[in-house]
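> Pasting in a structure now, in C-alpha cells, and then I'll have a few things to ask.
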Amino acid sequence: MGPTCSSNFLRFANLTAEMQSLEINILKGYPYEHPTMIDMVTRSPQNLAQNLVSLLRGFEWGQVGAVLCEECYEGDELASEIYFSTIEDIFENNNIALKETVRIGKRENSVNISDAITIFEPSARVILLFLGNKLNDYTEFMTAMSMNNYTTEEYTPVIVISKNSLELTFPWKENDAIAELFDKAIIVYNNCYDKSKISSFLSSYSFSTIEETIISLQMYEGYHLLGYYLYTAITNTTLFNYVQPEKAISSMSIPGPFGEIFINSNGQRIAGYDVLVVDKSLNSNNFIMPLGTISTDKKCPDQACLNFVLNSTSSFEPLKDVPLCGFHGEICDQTGVIIAIAVIMGVLLMFIIILTTIRKCCNGSKGRSISNPWVIPFQDVRFIDLTNTEGSQHMSIQSLQRNMEEKQRLQSLARTKHIATVDQVYVLADKYVMRDKLRYDKIDINLLYQMKSHLQHDNLNSFVGITIDKASHMYIIWNQCFRGSLHDHIFTKERQRGTATRFEGLFLRDILKGLEYIHASAIDFHGNLTLHNCMLDSHWIVKLSGFGVNRLLVKWKTSGQIFTEDHTPVIKSEELHYFDPAMKKIWKNYADRNERALITPQFGKKCDMYSFGVILHEIILKKKFVEQLFDSPREEDDSVLIDDENDAIASRFPLPIIIPEGIEMHNDLIKMLENCFGSVRPDIALARKIIDTVLKMSGSLVDLMIKNLTAYTQGLNETVKNRTAELEKEQEKGDQLLMELLPKSVANDLKNGIAVDPKVYENATILYSDIVGFTSLCSQSQPMEVVTLLSGMYQRFDLIISQQGGYKMETIGDAYCVAAGLPVVMEKDHVKSICMIALLQRDCLHHFEIPHRPGTFLNCRWGFNSGPVFAGVIGQKAPRYACFGEAVILASKMESSGVEDRIQMTLASQQLLEENFPQFVCSNRGGRTIEGIGRILTYWLEGVNAGEQVKVVEFQNDLNDELSRIMKKDGELLAAATALKPKDKMTLAKEKVIAERKNEEERLQRQQTLQEALEEHEEEIEMNEVLVDEDEGEGKPKEVDLTSIVSTQMEELEDEPAGRTIGHGRLDSQASTIPDN
C-alpha cells in the first residue's frame, strides 16, 4: 500500500514489479502503466482524460481547444494536469482533435488573455480550461471572453476541476454579477467522494487537510479492495492470478464502502465525474444546473469504461463545435444574405433622406429662415446636465467637499443658465419664464436680426438666437467660451494667474476694439457691458457678449411678459454698479414713453463709457468697484427688474476714486478713469489712444504668455539647480551618517540596490571591552552625566579604532565590540590592529577623568580572540552590520572572565602574535574554565617591547569629546613622550614592580606560598604547574610592560583575585607570569 511520498513512486513501482508483488497506489496519478499495480486514484491523468472523452462524445463534439496554466498547479503535488501530454495522447487515440493549446501564466490579466485566445476564432468553439482547482481561478479568463464578445451563443467554455475538494465554492455567492461571466459555462467536477456517501467515515475520523482526507479515503478503499480480492480468491481459486493480479481484479465487480469500484485491465481506477452548467437565470441552487454524472460500465474490452448521457429533465442544449456556416462562412452561400442586407440598407437610406427633407421643411415653417435667423427651433437645442458632468478631478477624496459645493452652485446656476449644443456647437442659454406670448415690434426684430447676421468681429461673441419650449420658457442663446469671463479670472481664486498684472493692457485693448465696432454698427451701443460679459475664448482673446439684450429684457419685464426662474431681479445685483445711474433710472420708469425717448444712441454710448470706467477700475486695481451684492428670491411671480436696496448701495459710487498703496497708475489713466464717471466722457478713439500709450504691449496675449512661460522656465531651471544642490548636500549628510552606521563597502552596495550576502571571514579578531562597576556608577549619577561620560570615552575609542584600521561593530551601554579583518580582509594584521586598539584604549582610560567626579578614573576589562567568523547585514528598515561565530562568543567570554585593567586573549591570538608580531609582550595566565566552552589556555597582553612602543599624544583634559591625535609610527618610543613630562602613577608602579622582581628572596617566598595554596586546591595546582613549567622553559623577556602586575597577597588568589589600587587601575596578584629583567 503506497507509496506515501511522490518522489518514491517509480522506485516502489519497479521494486514491486521485480518482486512480482501487488502494489496499491493511493497517492497520486501517474501517466505510466506498471504491472502488478492497482491505481486507486480518481484524479489520475488517464481517468481525467477518459471523463473528458466521454463528455465530448456525449455532446457530439469532435474538435476542441485547450487553455492550460501549468503554474496554477505548482503547489499541488497531487495534480494530474501537469501530465497534459497524456491527456493529448488519449484524445488522439479516441479521435478527438485538439486544434490549439494556449499556455498562460498564473497571474496573467484579462487583457493579455483576451489577446491570446483570439487564436481559437478560426479553429475551435469548445474550449477546455485547465486553470486551477477553484472556480475563482477562472474569473480572469471568463472576463477575457467577455472582453472579446465571445457570446454564449458561439463559444462553450468547459471548466475542468480534477481535484475532489468535497464541496465546490462558487465565486458569485458574494457578487451575483460574476454569474453573468460564467453563464452557460460547463463544469466537469471530480465528485467521486460525495459528502452524503462518506459522512459516516468523516464522523469517525478527523483530518487536517482535504488532501489528507482524500488520500485516507483512497487508502481505505484500497484495503477494502485487497480484502475483497483475497476473500474472493480463497473461495474461487480461478480468480487468483499471482503474475497479473490486476487482470483478475479488473474482471471482478467490487462493491466498495462508498460505491462500486471499477478497475480497468491496466489496473487503473475508472470513476465518473459530475457535469454541471452555470445558468444565470436560476435564482436558486447557486445558479447551477446539474447535467448528469458520467457513468461507469464494465461491458467493454477494457473491463471499465465511461459513458455520458444528458439528463432527460435538463433543458440545456449544447452548441455545435463547428459553426453552422463554418469558421469562415465557407459552408453557407452568403449571396442571398448580401442581397437582403443591400435591400434593407437602401430602404433605410431612402427613409433617412425623406425624414431629413421633411425636417428641413418643418424647420423652415417654424421661422428658422433667412428672414428670421435668430429664431431657433427648440428641438435643435440639446441641453447638457451640468450637475452630472463629473470628470476625473471629482474622484479624489480631497476634492469631495469641493465637488459637493460645486454641485450646489451648479444646481443653483442651472435654474437660470444652461449649457447646450446647437448644430454641434456649445452654447450658453439664459433662461426666463414667459407669462404670455412674447410680442416683437419692428425695432425688436431689426435689433435681433442685426445681432444675429451683421455683428461679426474678432472681439464679439456670436449671438445664436432665441428659442421657446412648450413649457413657456424662453432661452437667449450665445456661443459658449469655456475659459469663462474676465470676472472669473480676476476675482475667482481658483482661476487667478500671477501673470495677470501683465495682461490688463491686452484685455482693455480687446474690450475697446469690440466696443468701437459696436458703436459704429447698426445697434449703436452695447447697453450691457460688464466683466461678466467679457468672455475669453480658447486663444485668450476677449469677446464681448450680451450686447443689445438688456433693451429687450427691460421692455418685456416692464410689460409683465417675463420673469426669472428663481424669482430674482432680471438685472442681477452683482452687475448693477456697471450701469450708469441715469440709465437705471430710465429702466425703472420704462413704462413712461417720455423716459424711453431719452435712450438715444449718443446717450447709450456715454453709458457704455461709464461701464468701461468700472471695468478699467476693476482690471487695473484688481478690486471690486463695490462690495459684493446678492439677490434674494421673492415670492412666486413677484420678481422685479432691479433690486432697489442693492441699487442704492451701488449708486453711491464711484467718486471719490482711491488708488490703493503699492499700485502705480499713470496720471493720464487716472484722468480718463475720472472722466468716465463725469459729465464729459471720453470717446472710444481717445480711450484706445490712452490705453495703447500707457499700457503699451506688443503682440497678442498668446505672445505675452509665451514670453512669460519662457521666463518662468528659465527661473525654474535655476530653482531646480539650487534645489538639486541642496538635495545633494543633504544626501552627503545622509551618506556620512550611513558610513558611520555601516562599513563603507556595505553602505555603497545598499545604496546601489545590491544585495549584501553574508560572508565568511577566515581570519578575523574580535575585541570586547566592558566598564567595571558601571552599574553602581549609573545608580549614583544623573542620566545626563552618564551620557556625557560615555560620549567622551567613546569619542576617544572611536578615533583610536579609525586610526588603527578596526571597525566598531556595536555599542550597548558600557559594552564595546571591535572587529579587525572584516569587512576589509586582512591576512595577519587583524590581530596587530586589535592589540594596538586595546593597549591605546587602556592607556587612554588612565588619563580620562570622569567629568562629574574629579580625581576618579574608569576601569575596564578587555578580551579578544582570533578565528573564522561570518558577518552580514541584519534588518532592512534599521540595518545593522553584525558578525557571528564561535570566535565571537569566545572573545566575549575572554572579556567577561578577565580582570579589570587587564587584556585577556586566547591561545589562537597569542600564537598569531608570537609568529608574526613578536614585539608584543604576552604572559601566560594558564588554564581557565569558561562556562559553556570548557577549560582553555589564556594569555595576558602586557604591552610592547621598549624598543617598539607606540607613542601616544596625551589626551587633553579640557577636550571631553575629541582625541586630538595619535602618532602612527610604531618606531617612536612611548618613553620619548613621557620624558617631557613628570612620571605618572603607572610609571611609578612599573619601577616598583621591577624592583620587587629583582628581589630573589621575595620571589622564592611567593613561589613557596603558591605551592601551599595549590595543595589545598587541586584544580589550581594543575594550572600553576603549567605556569611554573612555562616560566622555566620559555625564558625571560628583555623588557617589562607598562601594565605589568605584581601580587601582594597570595592568600587571596581566586579566579578574579583582589589587589591594591595603583595609578588609575588595579594591580592583581599574577607575579608568576611576569618574567625578570
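A Cβ is built for glycine as well, from the same backbone N, Cα and C atoms used for every other residue.
Small disclaimer: the values here were computed from a predicted structure and weren't measured.
The Mg(2+) 1 binding site annotation in Swiss-Prot covers Asp770, Asp814. If you look up Swiss-Prot, you'll see Asp770, Ile771, Asp814 marked as Mg(2+) 2 binding site. If you look up Swiss-Prot, you'll see 983-1034 marked as coiled coil, on the strength of sequence analysis. For 355-695, the entry in Swiss-Prot reads domain 'Protein kinase'. Sequence annotations record features per position, and here Swiss-Prot assigns domain 'Guanylate cyclase' to 765-895. The N-linked glycosylation site feature in Swiss-Prot is assigned to Asn14, Asn112, Asn149, Asn311; the stated evidence is sequence analysis. The region 'Disordered' annotation in Swiss-Prot covers 1048-1077. Here Swiss-Prot flags 356-1077 as topological domain 'Cytoplasmic'. If you look up Swiss-Prot, you'll see 335-355 marked as transmembrane segment.
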> For the domain 'Guanylate cyclase' (765-895), what are the DSSP-based totals of helix, strand and coil residues?
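DSSP composition of the domain 'Guanylate cyclase' (765-895): 55 helix, 41 strand, 35 coil.
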> With every protein chain in view, what's the tally of Cβ atoms within 10 Å of the Cβ of Asp814 (Mg(2+) 1 binding site), excluding that atom itself?
21
> Take every residue in the domain 'Protein kinase' (355-695), average their pLDDT values, and give the whole-number result.
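Mean pLDDT, the domain 'Protein kinase' (355-695): 82.
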> Measuring Cα to Cα, how far is Ile771 (Mg(2+) 2 binding site) from Asp814 (Mg(2+) 1 binding site) in Å?
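Here the two Cα atoms are 6 Å apart.
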> Between Asn112 (N-linked glycosylation site) and Asn149 (N-linked glycosylation site), what is the CA-CA distance rounded to a whole number of Å?
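Their Cα atoms are separated by 15 Å.
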> Around the C-beta of Ile771 (Mg(2+) 2 binding site), how many further C-beta atoms are within 10 angstroms, looking at every protein chain?
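Taking all protein chains shown, Ile771 (Mg(2+) 2 binding site) has 21 Cβ neighbours within 10 Å.
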> By a 10 A CB contact count over all chains shown, which of the glycosylation sites listed here is most packed: Asn14, Asn112?
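Per the Cβ count within 10 Å, the most buried is Asn112.
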> How long is the line from the C-alpha of Asn149 (N-linked glycosylation site) to the C-alpha of Asn311 (N-linked glycosylation site), rounded to the nearest angstrom?
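Rounded to a whole number, the Cα-Cα distance is 30 Å.
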> Out of Asn311, Asp770, Asp814, the recorded positions in the record, which is closest to Asn14 (N-linked glycosylation site) when you go by Cα distance?
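Ranked by Cα distance from Asn14 (N-linked glycosylation site), first place goes to Asn311.
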> When the number of other CB atoms within 10 A of each residue's CB is tallied over all shown chains, which of the glycosylation sites Asn149, Asn311 has the maximum?
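Answer by Cβ density within 10 Å: Asn311.
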> Could you find out if DSSP has Asn112 (N-linked glycosylation site) as helix, strand or coil?
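For Asn112 (N-linked glycosylation site) - judged by DSSP and reduced to three states - the answer is helix.
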> Per DSSP, to which secondary structure element type does Asn311 (N-linked glycosylation site) belong, with helix, strand and coil as the options?
coil
> Give the sequence-ordered list of residues that share a chain with Asp770 (Mg(2+) 1 binding site), lie 6 or more positions from it, and have CB atoms under 8 Å from its CB.
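Those within reach of Asp770 (Mg(2+) 1 binding site), by Cβ under 8 Å and sequence separation of 6 or more, are Asp814, Ala815, Tyr816, Cys860, Arg861, Glu895, Ser896.
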> Helix, strand or coil for Asn14 (N-linked glycosylation site)? Use DSSP.
helix
> Which residues, same chain and not among Asp770, Ile771, Asp814, have a CB within 8 angstroms of the centroid of the CB atoms at the recorded Mg(2+) 2 site?
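In sequence order, the nearby non-listed residues are Ser769, Val772, Phe774, Gly813, Ala815, Tyr816, Cys860, Arg861.
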